[in-house]
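Each remark here refers to the structure printed beneath this line.
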């Protein structure tokens, strides 16, 4: 066991995590030269295109060190984005060490810090590495200062490398072997294996990626999940080198996969502990929690007959993404669809993109909302994730909204504009620290404000230099109201929004004005109103299209003209009673684009 090293790589987006992983796999000879491709471990198309890692992957590699010994290195690739922070913490708790990759030209950024703190809390040895030192803009001294300043770990002897050219990659591996401790654990003890990730394979069912902490696992053993109590016979065990390779057994300290003929992904939850049925472990490994969705949105098919296809697509996606939740819902305006829960905005975009790309769906998405805690006047508490389910104002005692703690990092030139943005978003400043040229701001901001367009606005006010990460803090009482949109006196449920009272009038006016531009003119007047409860806060009118009925009427008596006009008026009135206004798809997106002034 002294020759095993389990490690993962922590980095901000675009600091070269996947490229470094590619190089390490190449140096260790994990794949032949013809099988190498960029970002070997990112298996989804979206991961490649966006250059992000979503699911954790592993590679078991053997490396002959300069001291002549052969070491088994287990690389566990982690996602770097805040939406997937639970997956990151599970991947990290399976390691003894982590390579902290920092772009020498950019310095430390928000997600690096967030994941690095997670690693330090879990007691993982962090080994700093400066990447991209071949760039003319690289400034390694500055980056080292920032690492020591912001994160507070000693980085004087940080290894320097360039993952693109392969320069210094072996030094990184040597530093890893020297600094990271070998795994502890007893191969003879009762089995405890941590599920790092799980995904669905069309041929063998669910594949679980595990780190064996104690004990030994062989095919034909009976295992059980400690969170659910379900039992399964093991069919295969093995490792990925990144290709899968079956082994006779997996024992303490190793990272590999288990295939046990499990049919649904919900049975193999990330963070759960696997143990033997015959000789079970007394307690599960710490840190398991159910992941709760933070952001909700309605997904509807554009064609009503696509509903079943959408349901099948969601079921298939759910096989590979246990954190996605959905339930059927009906909207008067959009017909049948699903209310889906996501971990965050990036997660939502990815699910939408995968539905459109892999399953060829045409979707309408409603505005994303967060979950509110509503205390009703009879004392009961309900969770509202859909504006349409918000009780009437008279039945609400108080509404609590989710507050998140946001950490922002930016060069000091942009502090002013970022603070202004946070203030607009009803944020309250908790802390502000200067680290050399970088500034760290900590704010508490309502999650609802972040969901809309905070990230895009942050990037635009800071010219792309600011980076952020956020985590849920608590529910806090707040004065939020539901704004309904009425078209000719009828509520359109899919257009309801929940906003803070201070912005409700303004948002109502803006949405009404937007709708006026978007809804085509009808044969009769259309009134668009925004209402809070029974109180109308804004109104816009769309004038009717009308035919000039007097065109053929020359001279003669005025009563002749009056008669024609009256007749037209009657017709319009009748039309208005039976007609319904078609609301185009853009109207639902318009709500998203209403800027907060």
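Positions of Cβ are set from backbone N, Cα and C atoms, glycine also.
Pulled from Swiss-Prot, these are the features on record:
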DOMAIN    2-184  domain 'tr-type G'
BINDING   14, 15, 16, 17, 18, 19, 131, 132, 133, 134  GTP binding site
Please compare the binding-site residues 16, 18, 131, 133 by how many other CB atoms fall within 10 Å of each one's CB, and tell me which has the fewest.
133
Where residue 131 (GTP binding site) sits in the secondary structure, as DSSP reduces it to three classes:
strand
So, in DSSP terms, is residue 16 (GTP binding site) helix, strand, or coil?
coil
Can you give the mean pLDDT for the domain 'tr-type G' (2-184), rounded to a whole number?
73
